[in-house]
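Everything on this sheet refers to the single structure shown next.
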Amino acid sequence: MTVASVIVDVPAKQTDRPFDYSIPEHLNGVIVPGMRVIVPFGPRKIQGFVIEIKSNSDFGKLKEIIEPMDLTPIINDELLALGDWLTEESLCYKISAYQVMLPAALKAKYEKKIRITGDIQALSEELIHVFGKKDIITWEEAVEQGVLSLLQKEAAKNTVEIIYEVKERVKKKKLKHVFSSLTKEELIVAKEQLPVQAAKQRDVIDFILHTDSPIELRKLLSELHISSSTVKGLIQKGLLAEKELEVYRDPFEDRQFARTEPLPLTENQLQAITPILASVEENRHQTFLLYGVTGSGKTEVYLQSIQRVLQSKKEAIVLVPEISLTPQMVKRFKGRFGNQVAVLHSGLSAGEKYDEWRKIQRKEVKVVVGARSAIFAPFENLGIIIIDEEHETSYKQEENPRYHARDVAIERAMNHQCPVILGSATPSLESFARAQKGVYALLSLPSRMNNQALPSVDIIDMREELRDGNRSMFSRLLLEKVKDRLEKREQIVLFLNKRGHSSFVMCRDCGYVVNCPNCDISLTYHRANQQMKCHYCGHEEQVPRQCPECSSEHIRYFGTGTQKVEEELVKVLPEARIIRMDVDTTSRKGSHEKLLDQFQEGHADILLGTQMIAKGLDFPNITLVGVLSADTMLHLPDFRSSEKTFQLLTQVSGRAGRHEKEGEVVIQTYTPEHYSIELAAEQDYDRFYEQEMMLRKIHKYPPFYYIALVTVSHEELMKVVSVTEKVTTYIRSKLSNEAICLGPVASPIPRINNRYRYQCLIKYKREPGLNQALKKMLDQYQQEIHTNGLQISVDVNPFILM
Ligand code: ADP
Ligand code: ZN
Ligand code: ZN
């Protein structure tokens, strides 16, 4: 008997273990570890992952596997083992660990088909018969005909493949196309009858004569440099017709990138790359922290390290934050390695993502560049993993499994005995501390290429501006400098740090702030529809005309959104051309890139935006960067708020003066004396590190202590308090005296969506029993979690403490 151990797709405590199924005779040898299968589970048929094939089972009578869902394993052995590790580390269910590794198209319910990729005659006779005249059959047909094992052999040879027809709910993009319903002969005759002066119309007909399918109107116009009236004339004459046709989205890979050659490295770059190359050559795992300011040549070091990895026939994963996964970034990798590069980012549709993933699985590419989840790229022969901007908090996934890509990278690199490079101009405190202790090898690139000077920075105390009677959101110095740049026709970036507090509605007389009725948090004002909205539960309401507390009519929104800033700018600088970049102006696909292109081409003087403009901008004409409110993030209930402020300000300042022209930065703040602002202005990471480490030590935070956060929520306050109390007591009893268990306390946001929230924060250095205790605790409450709406979440190494 052959038996398959299967992790079933039921994310619950009771099912979080392998179940044994017998493999029916005809599927013997077809089913292998890493494949998905359909199995009977109670009265249902569900899907599961095969994790092991064995010859017997400890259980008596086994049910049979119904059918496989894949022709080849979709999770390789290394990733199967990684799933176990992830389960232990992040306390998630096994099934969640495997699901997170797969592209969305493999998770949802898509229609599955099998397609012939090569010559049909190369297939066996039985298969030729099954396919008949078609080159695609449905999975169901294949099952009915009993040819799965035959197809599997073909799949191994890449002669057939499975495709997932994604039933996309997103609207397909349709554009106007023109074509002619006349025959070629009729068209030629018609062309000759056109008036002599209609030269452009004749050009159009010539063009149409040489194309076989409808052409996109926009393309036709730009190709022939004509206006749409020319085409309209032809349509009116009945020579052409027009219709809406679907066009495919254009992911990066359709573009041709000019090939680039490796640059001769500088002395500093050589010193940094040598130990990396040695570790590649010796197949030795090591984690490097590449610490270098923006523009110091880190990316060139990445590129040349990857080159060496490819030479030894191995593969590379490059992670970049989603927000910096711009065409400029992709271009650098595709420019060097061409079509050996796959790109995984959230702008792709589920189908496109699956296509990229499949290229990796089929070994058609050697390098993947992507955001967080690309760390699970199914390579089998990894030679290097690179994490750029390693300090970015988006590398932590904030839902189950709550993993950090950096930890997964190091785990995978140990499995493959290859190096990890963590790159940053402002490394996370955790990583820099590890480098100081020698756990990571520290490599530094201390200066910018061509030794460009860092921009000079002015800090403006906005309280002083107010005392001097300046009530505007622009300090006098900033305004003066902006005017100066407008005259010189140089470009300006204005940055509004919105994370933390956005526009809320407040009474000017009594200070009443309009809160969400369901959550203990203020409502955010949206100008577009004059509504206030809760970002946690979605509640929406009109702005009141009168203060509900004191009946004053001076109730209005407070805080500064980008729209407000733009309006103010227009008032004081009517001549300035402004591009605004925020969630509102960039929600349409491709609009982000379009706005940046416009700015780069000089169609605007000022680029105004939020977080999203902090990264990657590298335009020679930017000589002034203004930060409108540096301290909005400082007051968040988060021990990393200083670190985040420092990183963001350093990054924004780095946008100025990247090229020949010198750059200046103006930082406006209400707390100019705060060390994270002062030291960011001086771009002094080392002193910031010292200062912040001292505070972390005093307050017992990472990197001196690890932390874990348990959050309990329920509709009844008493219930929440009593459960959190018990949880805290239990966990405390399982830990040594060295650990600190803070709780129960109300969460910084004490109520969301009418559910009260309490937490217990655990600080510890070494507690081998902690994970076990947390698991046991979750088990104990399992019943209540299922039946009475109790929620308990555990986040080991949390990045959001709210
Ligand atoms: P970072 O990734 O640290 O921001 P980059 O690798 O983008 O730095 O380098 C900054 C600029 O310097 C880029 O325009 C890059 O092409 C150029 N550059 C990098 N290394 C070299 C080199 N060895 N010789 C000449 N130019 C280089
Ligand atoms: Zn009031
Ligand atoms: Zn709410």
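Just so you know, glycine gets a Cβ as well, placed from its N, Cα and C.
Just so it is clear, the model here is predicted, and its values are computed rather than measured.
What TrEMBL records for this protein:
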- CYS507, CYS510, CYS547, CYS550: Zn(2+) 1 binding site (BINDING)
- CYS516, CYS519, CYS534, CYS537: Zn(2+) 2 binding site (BINDING)
- 279-445: domain 'Helicase ATP-binding' (DOMAIN)
- 542-696: domain 'Helicase C-terminal' (DOMAIN)
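Where TrEMBL records a feature, it is marked here on the structure.
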{"residue": "CYS507", "record": "Zn(2+) 1 binding site", "Cβ contacts under 8 Å, 6 or more apart": "VAL513, CYS547, GLU549, CYS550, SER552, HIS554, ILE555"}
{"residue": "CYS510", "record": "Zn(2+) 1 binding site", "Cβ contacts under 8 Å, 6 or more apart": "CYS547, GLU549, CYS550, SER552"}
{"residue": "CYS516", "record": "Zn(2+) 2 binding site", "Cβ contacts under 8 Å, 6 or more apart": "SER522, LEU523, CYS534, TYR536, CYS537, HIS539"}
{"residue": "CYS519", "record": "Zn(2+) 2 binding site", "Cβ contacts under 8 Å, 6 or more apart": "CYS534, TYR536, CYS537, HIS539, ILE749, ARG751, ILE752, ASN753, ASN754"}
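Apart from CYS516, CYS519, CYS534, CYS537, the Zn(2+) 2 site neighbourhood in this chain, defined by C-beta within 8 angstroms of the site C-beta centre, holds PRO517, ASN518, ILE521, LEU523, HIS535, TYR536, GLY538, HIS539, ILE752, ASN753.
In this structure, CYS550 is the one among the binding-site residues CYS534, CYS537, CYS547, CYS550 with the smallest number of other Cβ atoms inside 10 Å of its Cβ. Apart from CYS507, CYS510, CYS547, CYS550, the Zn(2+) 1 site neighbourhood in this chain, defined by C-beta within 8 angstroms of the site C-beta centre, holds ARG508, ASP509, GLY511, TYR512, PRO548, GLU549, SER551, SER552, HIS554, ILE555. Close to ligand 3, meaning a Cβ under 6 Å from one of its atoms, are these of the binding-site residues CYS507, CYS510, CYS516, CYS547, CYS550: CYS516. According to DSSP, CYS507 (Zn(2+) 1 binding site) is assigned to a strand segment. The average pLDDT computed for the domain 'Helicase C-terminal' (542-696) is 84.
Listed in sequence order, the binding-site residues among CYS516, CYS519, CYS534, CYS537, CYS550 whose CB lies under 6 angstroms from an atom of ligand 2 come out as CYS550.
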